[in-house]
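Enquirer: Pulled from Swiss-Prot, these are the listed features:
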| type | residues | note |
| --- | --- | --- |
| DOMAIN | 3-166 | domain 'EngA-type G 1' |
| BINDING | 9-16, 56-60, 118-121 | GTP 1 binding site |
| DOMAIN | 203-376 | domain 'EngA-type G 2' |
| BINDING | 209-216, 256-260, 321-324 | GTP 2 binding site |
| DOMAIN | 377-461 | domain 'KH-like' |
């Protein structure tokens, strides 16, 4: 499960500045979700190749009424669901009563908490943070979020220790791997593969969407149609429920973020919406069903969730619910709006259903399996290189400083989403338009549907880079004789 980091503190201590600095590395989508405090933000960030979800909880005002009553309900939820809490204070303003009230609350939660003193630029860090030791939260990490000073040290000392259980990816010699696989394919041999068999694993399916769009109804319709005994399999400490099921002799695991239990236990008309659960479900899923209310249309919140799904690289099926009862004229208007606002998602299937009455629900699984198969499909290095060569023959890369960008070969870089790694010279100078052309060419050639595809470029190493051209003693003597001859001839 992707770790969650919550930024907590008084207003104007620099939480949003640190949030923007952390999430900028991933160019993360920052979204304000209706129904929460207006300044709450969520984003994806990365440290040394390891991803985490970052939450700006907004300002917490610890007044005489008590910090617990002044905290927004969703801010409390974010703290409870976080793996690590970064408690930020203002080093310039000094220790405030609100800081003490917040610290008292955090100590009572027994949550891993680290004290971060911001705005230490221009100050003696040791003197600036001395008063904050009275909060009893241990070591203090001085930073200047606006300039980035101390942020890297903070990440290394706080976040990385909590991610040690995530095994680092092994570095491989990609050139050697390419030629070994290419030679095996040329000789008619099977290229060596690992033990990963996507068809032997259950498909993890997350159903996400805004409150009251019908996620619970759709989940229960799916389970009810299959007449499966529903039991709650422990998922995470954050109360996401993993529900195993089977359909057409294929195993699935529904990731339930709406708190749905057995049919008889559903009493609330409106689903309890947890942004954290939704984001984590997206990260943990293989395929995401994004449910949209046909009667309300596409909202900014729908687009925010969609952006997070795309950034996560997950396979996607768009489900337009509550389709029944709409007039033909309204249906045409909804379809036009979908085409206009979702025109950039040309790889995702769109289904119009009624979860309440069950119409169209059965067809969802065909698209789910198609998306999963596309995202986990094995493609040989030779085939990817051939496709790349055909793309270059159809449309040459542009000239860069008078020289043509050269693409050498391509190989698989990962799955879910499928990643194609292209090696070449000057590839970092390729314009975005040509990168999009290559992505679309690979998608069309591989017939990838239901999942995004990513293209990564790697520059070929120059063995003479950073080396000086020094002459040998023999070359030096020859050069002197040549220079003398040139001078005499003049």
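Backbone N, Cα and C define each Cβ position, glycine as well.
I'd like these features described in context: how deep, what's nearby, how far apart.
Expert: According to its DSSP assignment, residue 57 (GTP 1 binding site) is coil.
Across the domain 'EngA-type G 2' (203-376), the prediction's mean pLDDT works out to 78.
Within 10 Å of the C-beta of residue 212 (GTP 2 binding site) we count 15 further C-beta atoms, all protein chains included. Annotation note: residue 212 (GTP 2 binding site) sits in a coil segment as assigned by DSSP.
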Enquirer: Between residue 323 (GTP 2 binding site) and residue 57 (GTP 1 binding site), how far is it from one CA atom to the other, in Å?
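Expert: Given the Cα positions, residue 323 (GTP 2 binding site) is 36 Å from residue 57 (GTP 1 binding site).
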Enquirer: Sorted by position, what residues of the same chain at least six away from residue 209 (GTP 2 binding site) have a C-beta under 8 A from it?
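Expert: Result: 215, 290, 291, 292, 293, 302, 305.
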Enquirer: Helix, strand or coil for residue 9 (GTP 1 binding site)? Use DSSP.
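Expert: Reduced to three states, the DSSP call for residue 9 (GTP 1 binding site) is strand.
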Enquirer: For residue 212 (GTP 2 binding site) and residue 57 (GTP 1 binding site), what Cα-Cα distance in Å is obtained after rounding to a whole number?
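Expert: Answer for this pair: 24 Å between alpha carbons.
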Enquirer: What residue among the binding-site residues 12, 120 has the most other CB atoms lying within 10 A of its CB?
Expert: 120
